[in-house]
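S.K.: According to Swiss-Prot, the protein has these features:
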ACT_SITE  53  active site, nucleophile
BINDING   111  substrate binding site
């Protein structure tokens, strides 16, 4: 068997998430169906580095799969790209070692979250940015977001019921920029891994801080007390993008 690593992007609006699930459309299943057709009906299993939720987009998701034969990477990329649905794009494909695993190989992820604070909202962006048409103090949020950098126990920012026991993660970058129009905000988070709904919960909290409904120091309190009830609401998924996955050499 020959193992391939692929970088893909997708519009998450019409998917129930990356991971295959019964009675719902998923990115994993669509790519597996295309690869199975290319493999003359023999089933191919796809593994993903990140399991994005329903409505979440990806600019640089990484997958791997095995084929029973070796094929030129560009020809394979072209075939997979052109035969996949329009809301999936295959950016690149490369041969990798047989023991490479896109999820378990050491890597870091970067996510971006886009907020549209325009009035009225732009209906063309409704699936690609979370609308928040309320007053926001950007400087307060920029101070608060830096408190998330470093190694912390992020229990207070994860969804209840998660099966992950170790909730300590390292965030190497947490930043917020505003575009030149002042309408769109982009939150960026890079780190060695993120808990279930962690980014959306952090953004929901930062928006509350920006709206003066929580103090800047609320971030410190949430990290100290590890209490989800102290954090803000979970931001909608439509503003979230898996931007990039970087593997260590």
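Note: Cβ is positioned from N, Cα and C throughout, glycine not excepted.
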S.K.: Between the residue listed as 'substrate binding site' and residue 53 (active site, nucleophile), find the distance joining the two CA atoms and give it rounded to the nearest Å.
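M.R.: About 13 Å separate the Cα atoms of these two residues.
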S.K.: Looking at the recorded positions 53, 111, which one has the fewest other Cβ atoms within 10 Å of its own Cβ?
M.R.: 53
